[in-house]
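Working notes, beginning with the structure itself.
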């Protein structure tokens, strides 16, 4: 074997001459027929399995390789490691030897014992040309070696950038990135990104990210971020964070990247990585200051003092959701804990740590699904280089319980239109709540847009935070026009915005497509795809960031008269010539543009197309609103004089019934809640949709929840506006914005009241009423006999939305007077107890004609006028009366059941002691709160149960109490213009005292047939029921509006206290008071219908008949001390002096005559209805009740005279 060893030695030494001699001898022996027995073995292998060709390939000598191949050397001979000559040639990276071996048909995909092919070696050592040649000869880059690594893995692991780019540009790039040849369950499974991150190859990582590799792909060790953090690759960590890696992902050891850094590294690089990870994740670390546990709450997080808690999110009730990881036990605990027991350990940059406990801090939406709170920032001018985000201010007046909600938290709040509204702690407005499963609302609730609100309201809101955005970010105000954003600063703004989430590479996509900042805020995922954002991860990230933008409304809120003006408002005046040349030279034609027509015209940029179509859509909305406004104004002239009430019942589960038809809009353009949808969809004109003050991505929950009751805490009584002020300054629901004017007011009228919906009125003529000048009165109508009330059901919220009818077209010759000083807006928040399933399916309550009239639990308020008194009101069986009624919105029989249910007291009816009336106060807006007025010279209550005037009630008025007090719904009158009525619904938010059983027939008779004295004047306080009395229950139906007097000047109708005879205390007031205190609202006392009747007296002014001991008085919370003093009415001439027996007897006779007249009127009404063939069930038992009433009345009058 000497010659073989000589050959190997010659090849190793590169002795080409010696190799040629040895090879020549081999050739010579082949030509002989009888050759030597000792032939030269060219494929001889040494102890390591190396052949001469192995050595030649390893040495890279082309001549030697060629000589050996000519001598018939085996090209794919393997050594002891399974390596072939091509492996060594590729390892050396010499191109020509590889080409020579490949031409000799060397196997390109032959694997060694460790599973490597020549491409593995070339890629590992970065031989670009060799790798390229191997790929050209069909080398498979997806083959894995025994370590489960592909050539791309090796190139990325060792930082071979060019080879990695070569492999990524191959046709098998997707397979390489997806790792199709690998088993994810393999413990050795890895990805090119992990290998590059482990070794800190930033450029390779950048190439992988550009190629679209999944950045959050996990292995046993976690994500690539785990690898970079573990090995201290700070720049790689920063690069991965810029690429959008999820920092909250845990590996199989339940560790995040931050956990790994904290546990295993202590270098300077680790400190930088910690800061980067904390900033990127938005993790809020807190340390427990004391132990906390709650065994009664399974969702509570039990903590010990010193525990480090990771805050995940915040519950709407103010608690924080935290996570405690116990590394020693390897367990995790998640639950809720109060923020007051912890201190901040780590926080995001810019968040004041001192404020976090008082204003709970949610986390970044991209990771924890909760909005990022703002940081305090110094005031600086508005810049366009940063886009605003949605956030919630820690300065929210609602405090730390209601200021921030969690989009993904457990027990998230219900729909804003039908859910709970949180009451602010300082009385300025409700807290901002975030609605679950909705786009993050804008903090634009605090933005006051010019021209849309009265100056006073704008001034009122000016002190509140402008917008809630993160540090260094500003809100674009309404004054920013699109053309201003296009003046060179828009590109910078878009670039900075995209840089915040490391996608600045798409800046050119937005700019080339013609998108500016306002239009980006309206982009959809489809629009992103159209401009070239094709990667799903990037598209999802940008779409989520767009949803968080807070851009003020920029579309024109009016219909321009000129096309150029409209284009300038959109910031696209350059298309004026193209539109005109294409025939779109007027606003009417532009309103019909479509996407296809824009392309035909020459508007090729997608952003410009988007903006033009948004403008066209706005024009269509404005036109539709104008048409609805015209229809509304025409229908308003035919409205019946009587007020119409629409009660919207909210279902207990927060979901309203599905409504057919188009979605209705509020004044701000946001969708109404399901309850309002259901209530308004039944009929009548739709509300006028005005231009929204905010973009759809900024719809405020507060704007859609205004007017909703069902507050979480006991509401405080709203103070009364005692001082005269403009009507538009009346008490609105807290935190609401003023709606813009719908249309010009009717002649002689002030601004329209603040209402949500204008129910359609009747086109017919109004019903005949009493002669002009007749005083206006309350009329409580009797219904069917009171039945034992049902136990209280779960409370449900109702909204009383009413609109007074206009005075135009009245057939009674009413004189229109100035309204601006007397007409005020009214909005009341009430609750109704749950009704039957029928009520749940049809929450709309509106007047309907004839017997099927559903009646709402409210009473109409009308101003009283001077003049001759009206005849006694007739017994009414329906709200409609003789006048035709407008078409009903809903024919549901549900409200009938509610008509016999218990009455509720309105939230805006705090109580006070009863006091005498006086002349009308100066005209001013009526407050939502009803209150009492002190009588002249401290006279006792005019109709109280005793002459002392309930001292305990006056003592209760010295302090302001938030808790409800037993009270009843006293009637109240408000000065309103001619033909305008308001409806006050009553609520069950205040418990009532049980009725005095002995006097129940008396009160029934008095209130039903008008013998009770009149209520005080418009400026006078309301009478209050005594503790032993109870207000009438809801068995009485709605009074007929048209039957009440409609004209005259308000005048005091109740006599002075001097006319009252000495009144003994009512039976058992103390007993009833104690009983009332024990009564828990389990059952409601029986109801008593009532009607207040005015009869003529001896003087020129009407002198109502009064019966003692029938006054409805109640004690309520003290009204707000800010109310100014009210005028003290002077005593009337005919009511001065003492009351003698003769006067008492005269009053008794007058009372008897009035009762007889009322009885005759009732009998006549019954007879008329029976003749018409439409007897009402509510009148069947009237005559039976009257005899009992008279007996009780006679006993009471005798006791009173004694």
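Just so it is clear, glycine is given a Cβ too, placed from its N, Cα and C backbone atoms.
Taken from Swiss-Prot as is:
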| type | residues | note |
| --- | --- | --- |
| COMPBIAS | 731-740 | compositional bias 'Basic and acidic residues' |
| COMPBIAS | 1161-1172 | compositional bias 'Basic and acidic residues' |
| DOMAIN | 281-347 | domain 'SH3' |
| DOMAIN | 489-552 | domain 'SAM 1' |
| MOD_RES | 253 | phosphotyrosine |
| MOD_RES | 358 | phosphoserine |
| MOD_RES | 393 | phosphoserine |
| MOD_RES | 396 | phosphoserine |
| MOD_RES | 403 | phosphoserine |
| MOD_RES | 406 | phosphoserine |
| MOD_RES | 409 | phosphoserine |
| MOD_RES | 471 | phosphoserine |
| MOD_RES | 725 | phosphoserine |
| MOD_RES | 858 | phosphoserine |
| MOD_RES | 877 | phosphoserine |
| MOD_RES | 878 | phosphoserine |
| MOD_RES | 892 | phosphoserine |
| REGION | 355-460 | region 'Disordered' |
| REGION | 676-1104 | region 'Disordered' |
| REGION | 1116-1181 | region 'Disordered' |
| REPEAT | 48-77 | repeat 'ANK 1' |
| REPEAT | 81-110 | repeat 'ANK 2' |
| REPEAT | 114-143 | repeat 'ANK 3' |
| REPEAT | 147-176 | repeat 'ANK 4' |
| REPEAT | 188-217 | repeat 'ANK 5' |
| REPEAT | 220-249 | repeat 'ANK 6' |
Outside the repeat 'ANK 1' (48-77), six or more residues from its ends: residues with CB under 8 Å to it: 7-8, 11-12, 14, 16, 19-20, 23, 26-27, 42, 83-86, 88-89, 91-92, 94, 96-97, 100-101, 104-107, 110
Cβ contacts under 8 Å made by the repeat 'ANK 2' (81-110) with residues that lie 6+ beyond its boundaries: 49, 51, 53-54, 56-58, 60-62, 65-66, 69, 75, 116-119, 121-122, 125-127, 129-130, 133-134, 137-140, 143
For the repeat 'ANK 2' (81-110), the number of residues DSSP places in helix, strand and coil: 17 helix, 0 strand, 13 coil
Overall pLDDT of the repeat 'ANK 1' (48-77), taken as the mean: 91
Where residue 253 (phosphotyrosine) sits in the secondary structure, as DSSP reduces it to three classes: coil
Helix, strand and coil counts within the domain 'SH3' (281-347) (DSSP): 4 helix, 34 strand, 29 coil
